[in-house]
Amino acid sequence: MPRTALLRLAAASTTRASSASAAARRLCPSSESDDGGERHAAARKDELLPPPRTPRPDERRLSRRGEHRRELLSVTMASRDHTGLTRQLLDFQHDTIDEVGAEHGPFMDLKARFMDFKQRNYVENFSNYQNLAEQQTPKFMVIACADSRVCPTAVLGFQPGEAFTVRNVANLVPPYEHEGSETSAALEFAINTLEVENVLVVGHSRCGGIQALMSMKDDSTSGFIKNWVSIGKSARLSTRAAAGNLSFDMQCKHCEKESINSSLLNLLTYPWIEKRVNEGTLNLHGGYYNFVDCTFEKWTLLYREGLEGGSKYAIKNRSTWS
């Protein structure tokens, strides 16, 4: 074949190869071109989507509540077994790290008071507290109201080991026949095990429990408070008989002392208390703390057959501290 014909054939082959390569690139673009295409498509898609919406405040609160509920749920499930809680306390009994945010909590003041107590009382009277660690020999059993304004330790200055104390609503003592209560259990322990020499029932002014007793409707729905203060029904009846013509506040003031004497008589329904009173090894006392003018009235119940007027009960050693 002539040389000129060969050159024309080579040029035609090169042209066809270039055209095929261009076609192939159009059909199968390179990876760089492919990435660019995907980014372009994603951008167009984002342009079509609506912008993200900012949650409303109530939605944020609901979200936080949901998180809080999940947290509470986990705590509740972990707290169902009290033995598990005790194990946690034993495992971390030497952990002294304060909880987060506790520096602003109500226990910071209590912590400061405890550290002051430890230094001023425990450390300076170490031998006394070592003896108390071995046994307690209180002379008094005190029955006082749960009212936060009436703390017998603060009002009467009892020191650790001096008074075995139980506090309840309206400082009531149920009769022996009444169903068991923490007051009855405390009496049994104090009288029979600790062998205290004095039982002091302390009432006080403006007692909410006595107000509940005096305003209680016989046909009202029963509840814990009504069921408990009903122990003082006899005091309410005698108050209405003696002071029914007075204002409600004055009736309550009368009943506050009446209920103390009612509780003193209820104490004598316990056979082991009556036995020790008759033996002269146990004395029953009433006390009335008026926190309005800071006065304290004290008296002792005399229990003996053949007293004046045929009664078995009388008041002796009455005094007022003001």
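Cβ atoms here come from the backbone N, Cα and C positions, even for glycine.
Taken from TrEMBL, the feature Zn(2+) binding site covers CYS145, ASP147, HIS204, CYS207. The feature compositional bias 'Low complexity' is assigned by TrEMBL to 13-27. Under the heading compositional bias 'Basic and acidic residues', TrEMBL lists 36-48, 55-68. The region 'Disordered' annotation in TrEMBL covers 13-68.
Same-chain residues that are not part of CYS145, ASP147, HIS204, CYS207 yet have a Cβ within 8 Å of the Cβ center of the Zn(2+) site turn out to be ALA144, ALA146, ARG149, VAL150, ALA170, ASN171, GLY203, SER205, ARG206, GLY208, GLY209, ILE210, GLU256, TYR289. There are 25 other CB atoms within 10 A of the CB of HIS204 (Zn(2+) binding site), with all protein chains counted.
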